[in-house]
Structures are given as C-alpha cells and as structure tokens.
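> Quick one: this structure, given as structure tokens, is what I'll be asking you about.
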Amino acid sequence: MCTKRSSLKGSLLLLLLISSLLLSRSVDSLPICPSGSVNCQVSLSDLFDRAVMLSHYIHSLSSEMFNEFDERYAQGRGFITKAINSCHTSSLSTPEDKGQAQQIHHEALLNLVLRVLRSWNEPLYHLVTEVRSMQEAPHTILLKAMEIEEQNKKLLEGMEKIVGQVHPGDRENEVYSVWSGLPSLQMADEDTRLFAFYNLLHCLRRDSHKIDNYLKLLKCRLIHDSNC
C-alpha cells in the first residue's frame, strides 16, 4: 500500500512539474522586445496578454508553494490565525474585491500593481536564499521560489512598459512597501522561523491573487472597453 502511495505521489509531482514547465514555456513564447532593442514595438494588447499570463502563472506557483509548505511544516501549529492581516504590503491600500477595484481609475490601479510588485523584490530574493539554507526543505519549494522571483521581475518590467504606453512620459516614483522580515526568517527558534516562512508565503499567495485579478480587470477595461 505504501509503495502504491509513493508511486502515486511521485506521478502527481512529475505531472505538476511538467505542467509548470509547459506554462512557463507558454509565457516565455509570448511577444516581448529583446533585451537592448531600441525600436521594438509591442502592442498594448500583446503586453497585457503576457502580463495576465505571467500573473496567473505566479499565483499558481505561489498557491502550490504555500500548500506544500503548509502540509509539510505548519500542521497543528495554528499559524493561520496569526497570519491574518500581517503582510508587509498591508500598508498599501488595495481593493479587496472586484467591485472595489472597478471603482478605481485605471491609472491608480496600474500604479498600485507596480507598487505591490516592487514591494516583493526584496522578500522574494531573501526567500530563495533562506529556503536554500533550510534543512530538508523540499527541492520543489526552492524551484518554485526561484521561478516566482524571476517571473515577478519580468512582470514588473512588463507593467512598466504598459504604463509607458497608457501614459507616455508619466513616470511614477518607485513607491513600495518596505519589508523587514529577514531577521524572523533567520531566527534560531523553529516555531518563530517557520511561522515567518508561512506568513511570507501566505502573503505572497494573497498579493499574487490580487494582482492577477487587477490585471484581468485592467485588460478588460483598456483593451476590450469593459466589454468582457
């Protein structure tokens, strides 16, 4: 029976990795200007297609990574009750649902997406570094953390291009929410350290879901004139 379970678990893991790889290749195949190009023009529609696919990919990976960490490290520890409303991005005023988001002007919503993405640059870098040092950390968690860090940078770059097309010449100051959670990720106390990881992954899943929803709304509004 144990052998069958191990075999099934291995098959599911392989399927998950293959699915992630295929989606990653789909994302990378979308049109984008080559690095260093000067006169390359990508339509706003294509930029949004890529941004929406990237945001969905990041949210999928974030959810998988959180669920895997939760199952392996957080069972019976009561972390979820402590994680509510303790994200470093809580200082940014973000709409909680589609109805609230629809009330926000597209320029403000675009800038909000930029701020949230920038707020994750440093935490994602340290997440990768600290997961590497975790004893017996599943390799799949590290791979997902590395992939999310890379794709978040690509999404931020794409969003800057979108803002540049929607509002040419209007460059927003690089405002973002400062993260101060590194000491907690390095604590000697296991419970404190594991909760810090849990909370960070919980917040990443939450914010990636918000960004995914905001971008779908913005694409509908700016590309399809809200007819979707």
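Yeah, the Cβs are placed from backbone N, Cα and C, and that goes for glycine too.
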> In Swiss-Prot, Cys87 is disulphide-linked to which residue out of Cys203, Cys220, Cys228?
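Record-based pairing for Cys87: Cys203.
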> For the disulfide involving Cys228, grab the partner from Cys40, Cys220 as Swiss-Prot records it.
Cys220
> Enter the number of other CB atoms within 10 angstroms of the CB of Cys87 (disulfide bond).
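So the number of other Cβ atoms within 10 Å of Cys87 (disulfide bond) is 20.
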> Within the chain of Ser119 (phosphoserine), which residues six or more apart in sequence place their C-beta under 8 angstroms from its C-beta?
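Counting only residues 6 or more apart in sequence, the Cβ neighbours of Ser119 (phosphoserine) under 8 Å are His88, Thr89, Leu92, Tyr176, Ser177, Val178, Trp179, Asp207.
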> Within 10 Å of its Cβ, which one of these disulfide-bonded residues (Cys203, Cys220, Cys228) has the largest number of other Cβ atoms?
Cys203
> Tell me the Cβ neighbour count for Ser55 (phosphoserine), meaning other Cβ atoms within 10 Å of its Cβ, over all protein chains shown.
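A count of 26.
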> Considering only the recorded positions Ser55, Ser63, Cys203, which residue has the minimal Cα-Cα separation from Cys220 (disulfide bond)?
Ser55
> Taking the Cβ of Ser63 (phosphoserine) as reference, which residues of that chain separated by at least 6 in sequence fall under 8 Å from it?
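Those within reach of Ser63 (phosphoserine), by Cβ under 8 Å and sequence separation of 6 or more, are Arg205, Ser208.
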